[in-house]
Structures are given as C-alpha cells and as structure tokens.
Amino acid sequence: MTNIRKTHPLMKIINHSFIDLPTPSNISSWWNFGSLLGICLVLQILTGLFLAMHYTSDTTTAFSSVTHICRDVNYGWFIRYLHANGASMFFICLYIHVGRGIYYGSFTSMETWNVGIILLFTVMATAFMGYVLPWGQMSFWGATVITNLLSAIPYIGTTLVEWIWGGFSVDKPTLTRFFAFHFILPFIIVALVMVHLLFLHETGSNNPTGLNSNADKIPFHPYYTTKDILGVLLLILFLISLVLFAPDLLGDPDNYTPANPLITPPHIKPEWYFLFAYAILRSIPNKLGGVLALITSILTLTLLPYLYTSKLRSLMFRPLTQLCYWMLVSDIMILTWIGAQPVEYPFITIGQVASILYFTIIIILMPMSTMLEDKMLNWN
C-alpha cells in the first residue's frame, strides 16, 4: 500500500514541500531563517488574535484596553510582550534572511526574490500599523510623521494623507482603519509566503557554493527538520528570555504615556527595526527627496539581479565583494544607531555620510568589485 502522504491530494502538497523535498546536502544554518520566519509569523498571528479579543480600536479606550490586557487578562502581559518582542524577532530573522540572500546570490532566482521584496514591504507596513495601536505618545506621533510623508507626493499628496487619516488629523478613524489593516495583512502575508515557497520549489534551494546541487540532494525530513528544530529552540529561548527579563528593552518609554496631540515628544522615532530607513529619510533636507530615498533604500534590492552579473553566484569565493558586503552591514548598523539619535551635530553629518555610503556600496562598489573579480579570473 502506498503511503497516504504520497497519494492524498492535500498531504501530497505538504509532502513535496516539507518532507520529501530534495534539498542540497551542504546548506548551512543561514538557511534556517526561512523556517524561523514561518514560526514567527504563526506566533504573531496567534498572539495577535488573543490580543484582538481584548483590544478596542477607539482613541478614548485603546490605551486603557492595552493596560487592561496587561493587568486583568490571564497572562495578558505575557501575550502582549510576546507579540511586541515577537515582531523584533521577526525582523531580526527577516534581515538575516535577506542578508543571506544577498551574500549567497539567491537573488538570481528572480520570482522568489521579487515576491520576497513584496513580503518585506508588507511586513514593514503591518509592523508600522501595529505600533500605532497602543495609542501612546510615540504611536500617535509616529503615525502623524510617517503618514504625513505622503503629502510630499505632488498634486495628490495632501488629499491622499487626509484620505488615509479619515479626517484632518490622526484620530479615531485612523486608529480604526489601522487596526483593520493590521488584522487582515498577516493573512495576506501567509498567502504571499505560499507564493514565495511555490517559486522557491520550482528552482530548488540555493547553497553556500552557489553551484548546481542537483547531483547531491537529500530529503528535507529528517535531516533539515532536525536541524531547524535547533534554530527554533534558540529563537524561543531568546524570545522568552527577552519577554521575561527585559520586555521593554526594545520599546520606547514615551509609549507608556497616553497619546496627546498637544505635546510633542522630544525625539520622534519609529521602532528599532525601521531606524536605518528613518536615518536615510532624515539625512536629506528636502521632504520629497527624503521620501524617495526611503523607498529607494529598500527598492534597490530589486536591482541586484541586474547589477551583480558575476559568473560566480555566491560571495564564498569572492573576497573583494565580501569586503564590500560587510562594509554594507556595518553601514546599516551605523544608520540604525543614527536613526535613534537627536537631529543635531555630529549625528546629521554621520547620517548623511552613511546614507551616501549605503547607496554607493550597493549601486557602485559591489558591482565594480564583481566585475574586477571576473577580470582577475580571466572570465571577461
């Protein structure tokens, strides 16, 4: 008798995706982060669902309802901090996942890469709207500042902002629609993840060498399921430690003050995972220029398949481009630090230099080093 997982229409899909999937035998732990992102997504949807049962999306009661969750609901504080810090874990895994994709040349699988970029934008939008929901000071002012950026769009900007706000300022209609979008977007993300996996399984996984691995594949289960469990345990250990010992480490103290349109916080800043993009936005004195730089900072990922045309897919054997890559990683860390600093000397200058360097490395230095390496290997 044939195994049911190989014959049943539904089980067959799961079998081909997670059990009998032919996987390169040499993929390293950097390939763990895809499954970790799946775990994070499930965790966020579950904790979010329980939070939504007690949350009210009304400006007068939103802040109180979050306080009520933490004080009166059984393990409400735990669910709330799991959700808040789970978002941080999500972005850590997401950035490592994208970084691995750049390092090992995964962007040559164009469809998978482009769906991944759409996923990145969707997750960022979801996280931004989630940050507005507790209706603290930073929630309110963050929403005001970021949505206001759309007013830089010529002709339709102001109308667009008022349409998103549902009035002439961030108020009850804004909070209600942000809650609605924050609830529905994770399910759209799940659908996009399925498309992402569909395209990935069309071509098969990349591997650290960047070479074709068709001659050396092993089944995903039990080898990589076991390997992924280690990553999952480490992720859970780190997340639970954060939730139980330092739940507010990555948050902003200003968000423990109820939203007040009459008092502006001294430093308006988003969550830590958006700080690098926020630093690029702030480093340009012009509003429209800043918005364009902000969007371009992530959209440059779509250019990678066209910019890096080396004969070698992976950076494993390319020391010059490796140097540029780690310069880029360092630069993003500097931008993250700058985004959290006040707008004053020397932070403005450091931010501007780091922003110029960010685009220079991606658009000029890395493609040039790629061409130079090909030249040195007499491949061009």
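Using the three backbone atoms N, Cα and C, a Cβ is placed for every residue, glycine included.
According to Swiss-Prot, the protein carries these features:
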{"type": "TRANSMEM", "residues": "33-53", "note": "transmembrane segment"}
{"type": "TRANSMEM", "residues": "77-98", "note": "transmembrane segment"}
{"type": "BINDING", "residues": "His83, His182", "note": "heme b b562 binding site"}
{"type": "BINDING", "residues": "His97, His196", "note": "heme b b566 binding site"}
{"type": "TRANSMEM", "residues": "113-133", "note": "transmembrane segment"}
{"type": "TRANSMEM", "residues": "178-198", "note": "transmembrane segment"}
{"type": "BINDING", "residues": "His201", "note": "ubiquinone binding site"}
{"type": "TRANSMEM", "residues": "226-246", "note": "transmembrane segment"}
{"type": "TRANSMEM", "residues": "288-308", "note": "transmembrane segment"}
{"type": "TRANSMEM", "residues": "320-340", "note": "transmembrane segment"}
{"type": "TRANSMEM", "residues": "347-367", "note": "transmembrane segment"}
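Overlay of Swiss-Prot annotations on the structure.
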residue : record                   : Cβ within 10 Å
His83   : heme b b562 binding site : 21
His97   : heme b b566 binding site : 20
His182  : heme b b562 binding site : 21
His196  : heme b b566 binding site : 21
His201  : ubiquinone binding site  : 14
Contact yes or no, the transmembrane segment (33-53) and the transmembrane segment (320-340), 3+ Cβ pairs under 8 Å, gap 6+: no
Candidate ranges 77-98, 178-198, 320-340, 347-367 - greatest C-beta contact count to the transmembrane segment (113-133) (under 8 angstroms): 178-198
Spatial separation of His83 (heme b b562 binding site) from His97 (heme b b566 binding site) - C-alpha basis, Å: 20
Top partner of the transmembrane segment (77-98) among 226-246, 288-308, 320-340 - counted as Cβ pairs under 8 Å: 226-246
Tertiary contacts of the transmembrane segment (288-308), as residues 6+ beyond its ends and Cβ separation under 8 Å: 98, 102, 105, 107-108, 110, 113-114, 117, 120-121, 124, 149-150, 152-154, 276-278, 280-282, 321, 355, 358-359, 362-363, 366-367, 370
For the transmembrane segment (320-340), sequence-distant contacts whose Cβ falls under 8 Å of one of its Cβ atoms, 6 or more beyond its ends: 99, 102-103, 269-270, 272, 274-280, 282, 308, 310, 347, 350-351, 354-355, 357-358, 361-362, 365-366, 369-370, 372-373
His201 (ubiquinone binding site) versus His83 (heme b b562 binding site) - Cα distance in angstrom: 30
Between His182 (heme b b562 binding site) and the residue listed as 'ubiquinone binding site', the C-alpha gap once rounded to whole angstrom: 29
